[in-house]
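Features reported for this protein in TrEMBL:
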- A:32-105: domain 'Ribosomal protein/NADH dehydrogenase' (DOMAIN)
Amino acid sequence: MTVKALKALSTGRNGLGAFILQCKKMDFHFCDWAGSSRGMNGFIKSQLAKFAAAHPQIEVTVSPRPSRHPIIVGHYVNGQSRSLCVKNMQPLEILKMAESLRDTNGEKLKRINKPVSSINPSVRGVWSPYHGNGMAV
Amino acid sequence: MSRALLRSALELRTPAARLPPSFLLPIRARSFNSTAPIIEPTSSASASSHDAASSTIQPPSAETQRANSTLSSRSSTSPQTLYPPSPPPATPPVLSDSVRQLLPLLASQPSHYITVHIHGRPYLVTPGDAIRLPFHMPGVVPGDVLRLDRASVIGSRDFTLKGSPYIDDRVFECRAVVTGSELEPVRITVKKKQRTRRARRVRSQHRFTTLTISELKIKGVEEIAGEGSSA
């Protein structure tokens, strides 16, 4: 008999028991000079404090990115990050973009055809012809 | 200078004028939506059409116990509903004898599944399953808890409770957590006309709400009877 390693300790299932927001950090980059960053500067002045206060579980950083378009970068629990260019947008549009980054889980986009995904064992088990009352032919 | 002033005034303008009403904002929405059933608003018309709803528990080999009994329309909804509740039924609905006898047996089995209906679509789930809805649900933020109160089937290994068409929502408690809203990869459709070189590429990308089933509880007969007498 060989010694076998444990296959898996556990699988994270967010929402069963506790819910953890998958976005852990958001970076807001702006430029003081460029016109495409005008909305972003307004967003940082008027909306960002409220947004950060409403989401204490997200670390928010603001940093300049001179001579470039403004972007928002979201960092996720699974180690991935996703960035979004918000050039020439109004502050409230940028708020929507920040909320969309907050809502995603950072995984790669994939097409899903089946709505339910489950890792639970089957409740009913596998059908067997040798059990039960049998079938009248 | 005046342009700069105007711009700063535009930036600093309070969002109240352009945002939706305050109860739809994320923070308030979280508390507002915490237990309200989002799905399948009960209108008086639908309630009357479900007046003759019946439910049956089928044991594995007991055809004789398949006795239908009428359950009147769905019981009055919880106080925090997004939609105006339907008028409460005149007489409290009664459970049939077969449901009374077999519901404890169903509840005592180790694992259960449920077919919940969201916007008329069935989803067969067990606790812990993830659902990616085929639409983006408005007004919810990640972390919201939805009470799913429309179900057609609850089952375990040996027993099945079927509703016709839906099970009385006092029998079970099913809750789901909104885990986020996901994007899909961009779909590109090529629009090409015959005998023409030009081809147009249409880009579409949709957003979908994801849920996780956090709780599925099957209530006892006494609990249901107690609710009925208090209501």
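Glycine too: its Cβ is placed from the backbone N, Cα and C atoms.
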Can you work out the mean pLDDT of the predicted model over the domain 'Ribosomal protein/NADH dehydrogenase' (A:32-105)?
96
What are the helix, strand and coil residue counts for the domain 'Ribosomal protein/NADH dehydrogenase' (A:32-105) according to DSSP?
32 helix, 17 strand, 25 coil
